[in-house]
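Student: I'd like to ask some things about the structure below.
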Amino acid sequence: MSKGSSTKKWLHEHTSDYYVIQANKLGYRSRASFKILEIQNKYQLFKPNMFVVDLGAAPGGWSEQVIKYIGKNGKLIALDLLEMAPIAGVEFIQGDFSSDETYQKLNTLVNNQKIDCVISDMAPNLSGNKTSDQAKSIYLLELALDFANTNLNKNGSFVAKVFQGQGSDEYLKLVRESFNKVIQFKPKSSRAKSREFYVIATEFKG
């Protein structure tokens with residue numbers, strides 16, 4: 001299949017996707033909003049006054065939902081390599097999470113406060129090389145887990161997108177070392193053919 005044909009196929013699938021259509025109807029920023037809503041409905045992670053950090057946040061599908069749960073007295077920091085239009089109550093950092101400069105900016109905003117929940121929908125820019133792309137994905141996941149391990153409150157929680165493949169089982173073992181409860185969850189709003197699932201980790205051991 002030519003590149004042009006594959007692009008047309010993706011556009012058709014995207015524009016006819018139920019969750020894309022629903023997101024447009026409801027004014028959500030992306031279909032990803034439904035994933036975090038499913039996670040919240042099932043696990044009740046977000047509560048008023050919580051401090052949450054959203055990694056890989058653009059275009060804001062998760063942040064726009066989470067801020068509703070934590071309220072005006074909560075705190076939400078969102079970070080992404082791409083631009084993100086402002087969301088009321090959300091502090092945004094644009095930068096590469098794997099760079100020291102961006103990490104320092106995030107730490108400055110965190111300001112030594114303990115975080116209640118770290119959420120990550122990060123994914124690498126895909127090269128088309130499955131082995132390389134999977135390795136990059138696991139690297140970002142490890143960075144997100146390291147950040148959570150350093151900054152979470154005792155009994156805090158961690159949510160991250162994982163692509164099933166080389167290194168994913170080993171990654172889950174690392175998560176289990178830090179949290180008492182670790183669950184694999186695939187939202188209904190995930191595309192059926194996608195290898196993604198979400199790790200829902202609660203009761204951080206501290």
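In case you wondered, yes, glycine gets a Cβ from its N, Cα and C as well.
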Student: To which of Asp121, Asp133 does Swiss-Prot also attribute binding of S-adenosyl-L-methionine at the site defined by Gly60, Trp62, Asp80, Asp96?
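Tutor: The candidate from Asp121, Asp133 that Swiss-Prot ties to S-adenosyl-L-methionine along with Gly60, Trp62, Asp80, Asp96 is Asp121.
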Student: Relative to the Cβ of Asp96 (S-adenosyl-L-methionine binding site), which residues of the same chain, six or more apart in sequence, are found under 8 Å away?
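Tutor: Set apart from Asp96 (S-adenosyl-L-methionine binding site) by at least 6 residues yet with Cβ under 8 Å, we have Leu81, Thr102.
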Student: Cα of Asp121 (S-adenosyl-L-methionine binding site) to Cα of Lys161 (active site, proton acceptor): how many Å, rounded?
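Tutor: Rounded to the nearest whole number, the Cα-Cα distance is 5 Å.
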Student: In three-state terms from DSSP, label Asp121 (S-adenosyl-L-methionine binding site) for me.
Tutor: coil
Student: Taking the residues Gly60, Trp62, Asp80, Asp96, Asp121 listed for S-adenosyl-L-methionine, what is the greatest CA to CA distance in Å, to the nearest whole number?
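Tutor: Greatest Cα separation within the listed binding residues comes to 18 Å.
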